[in-house]
Amino acid sequence: MSGPLHGFRGGLDLDGRRHTRDQAIRPGPLPRTLVLPLHQHIGEPAEPVVAVGDTVLRGQPVARADNYVCAPVHASSSGTVIAIEDRPVPHPSGLSAPCIVIETDGEDRWAPPLPPIDDPTDTPARVLRARIREAGIVGLGGAAFPTAIKLNPPADTPPDTLIVNGVECDTHLTCDDRLMRERPTEILSGAAIAAGMLGAGRVRVAVESDKPEAAHALERALEDSGLAHGPLAWTIDRIPERYPAGSERQLIENLTGRRVPPDGLPKDVGVITSNVATFAAIHRAVLYGEPLTQRIVTVTGDGVRQPGNLEARIGTPVSELVAHCGGYHPRVAQLVMGGSLMGRSLLDDAVPVIKGTNCLLAATPAELTPSAPAMPCIRCGACAEVCPEALTPQQIYWYTRSRDYTLADDWGVFDCIECGACAWVCPSQIPLVQYFRHAKGAIAEREKEQARAELARRRHEFRQERLEREKQEQAERRRRKKEALKQGKDDRKATINAALARARRKKSAEKED
Amino acid sequence: MEFPRRSSPHQTGASGVAAVMRQVLYALVPGTLALAWFQGTGVLVHLAVAILVALGTEALVMRLRRRPVAPALADGSVLVTGWIVALAIPPLAPWWVTASAVFFGVLFGKHLYGGLGYNPFNPAMVGYVMALIAFPREMTYWFPAAAPGDWPVDAAAAIRAVLLGADEATLDALTGATPLDLVHAGTPPSGVFMLEAGPGWVVAPLLFLAGGLWLMHQRLIDWRIPVAMLGTMAVLAALLWLLPGERPAPLFHLLAGGTLLGAFFVATDPVSAATTVRGRWIYGAGIGALALLIREFGGYPDGVAFAILLMNGAAPFIDYCFRPRRGTG
């Protein structure tokens, strides 16, 4: 039932280190306080709609999405809003950001659900989109792009294929694997809803080959649910294990042979993709009216005592989630949100689980490669060989080091998907991705600077123009006044002359008399 | 609880520069042993001198540059440089030829440009060519290699010759033209000659080939460079061979002199080679063509070292011409 595969260039053979793959999903803790960042997605932060002291119920919206690229936030348990303030959030900078803090009452009472949509196939896409947006669903694979926008492609290039991403290629992650094994029907149902909204006739569910049970469960569910005999063309595709097979662009290339242009999006090649957990969330939001208040998080690493897959409430402090997993091992040395290739290191475990949190990796020194001092680049080219985006990382590194950001840009630093394959193979152990992030930041900063300069220049030019115009207007006024004066003088002269003439005439007439 | 901040990826799979260099050294061992077998103990004495001078020079320069000495010595790159120079020096040449070639290569070829990773020219070739130009006579002290162990001087005499110098008469009697010299003498060696000259001219290069293939298999060197170089050389040599006149067969060119050692261990030096995929084809082909032209029409018996240095100089331009553009893949 697998479709044809086209492969993708570069990549790595990784040891997936999926130690939690046999850990069934178990419920997460109900923490004393929940910390809900207003900005958990790509786009603009949400706006709070509650005040300190308000009591809230689980599933009740606490922040609304005013902007288009935004997602609302819902309370993930019942309790009282005790603060709306800056708290540390899972961001590599370690900076704080506005959060709504809820003290839970332990009763976990639900707000009344949104009205269930019993027959999604009979419901306009517009209504379903509004529901998905209202439920606060964002991409749960990690990037957290608001899903309702993804499911609203332009009319000129209607997508023909929906890709359900169950590849989960980064190390340590097993949350999607468990979801596919335990709740395959939810994923397929959500995918069917999305495909219906998009008008895509083909659904391809991609599963990495190290998850045979997941592929099996999906195949069985497809048969049992009757979806296999419906109007959509389904395939469950077993993708060879090769990092970063789950990266959107690589996945699309692998499954369809289409290359998303460097500045483009999947919709430009007629494809929409999302993570399996996103589709499960769509299923629940549409059929049961349940907003997104929880997600499955893999808690793993030798630094935690009882690793597992937890259905964690959004807003659960990482420390509480770890405590729920038996606490830290004394040798714990590093905390990473995500897998070891693309995850972000956390400075503090007070930060909450957010919608994009797929994994918490509490690692011992032996588990992760300690950052060895970087050696000089010997231009071996191994980085270019593994780069799935066909970049030449060593050159971009070289230009970044010499602060030649224009050349770094020319050589495609913005096409870098930060998968880390180059850094993985670099014999000189150069933290290449770190350099590329720096270059991107520097270029963005410079562009902002340029935009500011441009604005200042235009403002200056406008002022010059205005001054010039005013000068001209003044000159014009002066000229007119002069003319008027001259005219007046002439008029007076003429009057005098006329009077004189009259006098002369009179005189001569008197003489004649 | 607080944790340190690190940039992703949090895990790497590379074994490090030192491991790469170590593998290159391992790959050199069989060919080196064969060379010692056919050319006598002198080869090993030169190797020892080269290693000592290489490490000493690296340590000295790093100290002068106020950089940590131990990591530079540990990365093994200078050992590779010294080792390759030693293989290129005739077995009866005095020790100071090797010493000065290695010293010059490491100092001028490597550190004056900024050290490991920054040198545009291969340091071993810089040192070797310096010796070739500065000590033309000493650089001809090769044996006409015959059967293994059938050395004109015994081990003790060879060591004495290298360390203390041999008298001129002995040298004149012992050393002779290498097959490559015969190309210029107008009596190009045929396939039969190569066999007559004994297996010494063939076995060591073939073992370097084997070492190179192993490096290729380990994906430590790019297969494109040797393939382009040897392919171009073979095609051009075949064309010349087919023309009227006395020319050596293509196979001779592939086996003779420094062709195979150069193709797999020097031209593939990533620091000084072209780095783009298409660029590496051009770079390798350029070396093959230049080496053959120098051999056939130039003033030196072998042209591989000159060809590599010339193409090293061209590599940045080649990379510039063939740089991948955004979106073209």
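Here the Cβ of each residue, glycine as well, is placed from N, Cα and C on the backbone.
Bear in mind that TrEMBL entries carry predicted annotations, made automatically and left uncurated.
For the region 'Disordered' (A:1-31), the residues of the chain that approach it from at least six positions outside its boundaries are 77, 104, 106, 108, 169, 171-174, 177-179, 182, 204, 210-211, 219, 234-245, 250, 253-257, 294, 296-300, 307-313, 315-317, 320-321, 323-324, 340-341, 385-390, 421, 424-425, judged by C-beta separation under 8 angstroms. Summarising the annotation, TrEMBL assigns region 'Disordered' to A:1-31 (among others).
Residues or ranges marked as compositional bias 'Basic and acidic residues' by TrEMBL: A:12-24 (among others).
Residues 8-12, 244, 247, 249-250, 333-334, 336, 340, 407-408, 411-413, 415-417, 419, 421-432, 435-436, 439 of the same chain sit 6 or more residues outside the domain '4Fe-4S ferredoxin-type' (A:368-396) yet have a Cβ under 8 Å from a Cβ within it. The domain '4Fe-4S ferredoxin-type' annotation in TrEMBL covers A:368-396 (among others).
Every protein chain considered, the tally of other Cβ atoms within 10 Å of the Cβ of A:C416 ([4Fe-4S] cluster 2 binding site) stands at 23. As annotated by TrEMBL, [4Fe-4S] cluster 2 binding site applies to A:C387, A:C416, A:C419, A:C422.
Long-range contacts of the domain '4Fe-4S ferredoxin-type' (A:405-436) within its own chain (CB-CB distance under 8 A, at least 6 residues past either end) are made by residues 10-12, 243-244, 247, 249, 262, 341-342, 371-378, 380, 382-389, 391-393, 395-397, 399, 442-443, 446. If you look up TrEMBL, you'll see A:405-436 (among others) marked as domain '4Fe-4S ferredoxin-type'.
TrEMBL lists A:462-495 (among others) with the feature region 'Disordered'.
The compositional bias 'Basic and acidic residues' annotation in TrEMBL covers A:462-476 (among others).
Taken residue by residue, the compositional bias 'Basic and acidic residues' (A:484-494) breaks down under DSSP into 11 helix, 0 strand, 0 coil. According to TrEMBL, the feature compositional bias 'Basic and acidic residues' maps to A:484-494 (among others).
Counted within 10 Å of its Cβ, the other Cβ atoms near A:C419 ([4Fe-4S] cluster 2 binding site) come to 27, all protein chains included. If you take every residue in the domain '4Fe-4S ferredoxin-type' (A:368-396) and average the pLDDT, you get 87.
Close to the recorded [4Fe-4S] cluster 2 site, the chain also has A:G10, A:C383, A:V386, A:P388, A:E389, A:L391, A:P393, A:I417, A:E418, A:G420, A:A421, A:L432, A:V433, A:F436: residues not among A:C387, A:C416, A:C419, A:C422 whose Cβ is within 8 Å of the site's Cβ mean position. Of all the Cβ atoms in the protein chains shown, 30 others lie within 10 Å of the Cβ of A:C422 ([4Fe-4S] cluster 2 binding site). Residues near A:C387 ([4Fe-4S] cluster 2 binding site) in space but far in sequence (CB under 8 A, at least 6 apart, same chain), listed by position: A:R9, A:G10, A:P393, A:A421, A:C422. Of A:C387, A:C416, A:C422, listed as binding-site residues, none is near chain B by the criterion of a Cβ under 8 Å from one of its Cβ atoms.
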